[in-house]
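What follows is a single structure, written as structure tokens, with notes after it.
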Amino acid sequence: MNKYLINSKLLKQLDITMFVTAIFITIFGIINIYSVTHIKFGFYYAELQMLWLIIGLAIVYFILVFDYNTIGGYAKLIYWAGVGLLLFNDITSKAVKGASSWIRIGNRAIEPGEFVKFGLILILAKKLDDLDGDINNPKNFLILSFYALIPMFLIVIQPNLGMTLICFFITLGIYFISGLNLKVLVAGFFSVVPLSLIIWFSDILKPYQRQRILVFLDPESYQQNAGFQLMQSITGIGAGGLIGSGFLKGVRASGGFIPEVHTDFIFSAVGEEWGFFGALFLIALYSILIYKMIKHAKESKDIIGRLICVGTASGFLFSIFQNIGMTIGIMPIAGITLPFMSYGGSSILVNFMSLGIVLNVGMRKSRLNFCS
């Protein structure tokens, strides 16, 4: 049993601030989930989210037991298992709200795209570690891009552009920190415009995705139909003022005026019920998480540890910016959850998996003498 216990010297290196911050955000999320669902569902969603939190904490412990380099040794297995789930999903799943992003198991569903993010970070970090960080070798760059593009392709055909973008920014963050030639990065950046035009004028975008972009550009023209969700979100956040309407008192968030408020639009509930200061407090907590991830990346003793932290930070940072941005109308609506806050088993479990691996890197940033 000793092999499943964390050495006391290692445990002293655990980043308690980061760990407690993530738990606090999750509990705050559960409070808000209850607030916006209690009228119709009582404690149902809040209790389920609490269960995911407990399972998530168990996963963090399990990940901390093993050296992250040992976990990295299984990067290919974890990555290809995620890709396999995506393939199975793309072949068998039926579309829900325009996208087939879920595998149903009884009355539950899992989102493979969430789990493949974790595998993508591991495989890119492990490969670059094996290659001594030499990303500018054309052969190495092609190998890395091969691993990055497979899940992105399988996710975009679901279609799930939100998750595709998260994978893209994870890859971009890892490439940037690995020292990819600036010309390649600039070329990639400028290729976004023609690529966006190709996507817009082709059949890649589904009608509901095209409509989301139009709503983003001119929400008031669609406020009675496709833009209803966004306009209600903006109105609710604005009504929250500085200190909010109070717990359980959000007219729009708790009253059922904002679709998907307990998942993708949970920030709307925060803005309405807790106000500007509550929203600012949440953003401050996220800032602590991102800062800690970057700190552990800088202090990591090896390439794989550094890139695991950078990839995780990149994914979280984009998700936070995109999710909050779409609820206030500065970003198009995309099916991206707010880390640790939004309801969803797949999302919460992968968030804690990601937290666990970064904490793991932080615990093992220096070689400890266990004989003394």
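Yeah, the Cβs are placed from backbone N, Cα and C, and that goes for glycine too.
Unlike curated records, TrEMBL annotations are generated automatically.
Bear in mind that the values here come from a model prediction, so they are computed numbers and not experimental data.
Database features (TrEMBL):
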type     : residues : note
TRANSMEM : 16-36    : transmembrane segment
TRANSMEM : 43-65    : transmembrane segment
TRANSMEM : 71-88    : transmembrane segment
TRANSMEM : 146-178  : transmembrane segment
TRANSMEM : 184-205  : transmembrane segment
TRANSMEM : 274-291  : transmembrane segment
TRANSMEM : 303-321  : transmembrane segment
TRANSMEM : 341-362  : transmembrane segment
What stretch in 146-178, 274-291, 303-321, 341-362 has the biggest tally of Cβ pairs under 8 Å against the transmembrane segment (16-36)? 341-362
Six or more residues beyond either end and a Cβ under 8 Å away: which residues meet both conditions relative to the transmembrane segment (341-362)? 13-15, 18-19, 22, 25-26, 28-29, 32-33, 45, 48-49, 52-53, 55-57, 59-64, 66-68, 71, 108, 110-111, 114-115, 117-118, 121-122, 262-264, 266-267, 270, 282, 292-293, 296-297, 299-300, 305-306, 308-309, 312, 315-316, 323
In the same chain, who gets a Cβ under 8 Å from the transmembrane segment (303-321) while lying at least 6 residues past its ends? 68-69, 72, 117, 120-122, 124-126, 128-129, 132-133, 165-166, 169-170, 172-174, 177-178, 283, 286, 289-290, 293-294, 296-297, 331, 336-339, 354, 357-358, 361, 364-365
